[in-house]
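Shown next, in structure tokens, is the structure this report addresses.
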Amino acid sequence: TFNTLLLGFKEAGHAQALDLFYHDAVLRGFVPDAVSYCVRMDAYCKKGRFLDALQLLDEMRKRENCKPTLQVFTTLIYGAGIVRDAARARLLFDEMEQCGVTPDRGAHNALMGAYVRARDLQSGMALMSEMEQKGFGLDDVTYNTMLCGFQRAGDLEGIWKIYSKMIGSGFMPRTRTTMLLMKVFCENGRPDLGLELWDYLIGKGCVPHRHALDVLVTGLCCRDVVGEAYRCFRELVEMGMAPTERAFRVLEGFLKKKREFGKIDEIRQMMKATQLEEHQAEEEAA
């Protein structure tokens with residue numbers, strides 16, 4: 001119950017109230033455990049008070065039956081990343097193993113995040129290889145973290161490497177990663193890669209987010225690949241999703257320029273049908 005209350009203060013962002021409540025409880029005889037410490041560390045880290053969180057680790061070590069856990073180390077590694085102290089993050093990661101705590105994928109991802117925040121993308125890539133050697137499957141956090149790092153650095157070649165690795169392994173990215181890639185490809189004059197990603201997702205039976213269609217339709221039409229933009233629009237509708245008004249207007253405008261009036265009528269009918277279905281679904285829900 002006590003730890004639940006601490007968690008409530010932390011989630012609300014009230015670090016000072018959390019401290020007051022904690023110290024008052026300790027004076028009344030409460031004995032904190034690893035979870036109590038971890039909640040306080042997380043609260044400090046999110047406020048950028050990494051050194052305060054580290055002091056709690058020292059305090060833990062002095063207590064009997066209160067050894068630092070995997071969650072404690074992962075939280076501190078994440079905190080080191082927030083203050084861009086990648087060297088300290090690596091020390092904590094290595095210390096974890098020395099203490100007999102085996103790092104999981106989450107701990108590796110936290111360290112990778114620290115490298116990326118410190119703009120040490122080379123170490124991030126090395127860690128990714130290390131994860132694969134240890135048999136950890138790379139997840140969306142892993143891929144997204146490195147992609148964000150390369151995006152901030154304006155390193156399109158780095159993004160291509162991560163993208164190729166992801167597609168080559170058959171991984172299914174989450175929406176945020178799909179959107180990041182689609183924007184990077186289309187905003188840098190490579191809607192062909194955006195189309196490749198779209199076809200990959202469709203081939204896996206995934207329904208891409210409709211905002212991914214917005215970006216792709218605009219990118220393809222601006223490169224005069226209107227036929228493929230029309231195909232993607234139709235595919236989304238056939239999978240039961242309603243395209244946005246923006247995607248419709250962009251595609252309609254370019255089809256007019258090409259005098260593709262038959263296709264214009266088709267996409268208008270598609271929009272009417274999907275809007276009607278959405279309206280009926282709303283009425284049924286009400």
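Including glycine, each Cβ sits where the backbone N, Cα and C put it.
Predicted, not measured: the structure shown is a model, and the values here were computed from it.
Taken straight from TrEMBL:
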- 33-63: repeat 'PPR' (REPEAT)
- 104-138: repeat 'PPR' (REPEAT)
- 139-173: repeat 'PPR' (REPEAT)
- 174-208: repeat 'PPR' (REPEAT)
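Remark: secondary structure over the repeat 'PPR' (139-173) totals 27 helix, 0 strand, 8 coil, with classes taken from DSSP.
Confidence annotation: the repeat 'PPR' (139-173) carries a mean pLDDT of 97 in the model.
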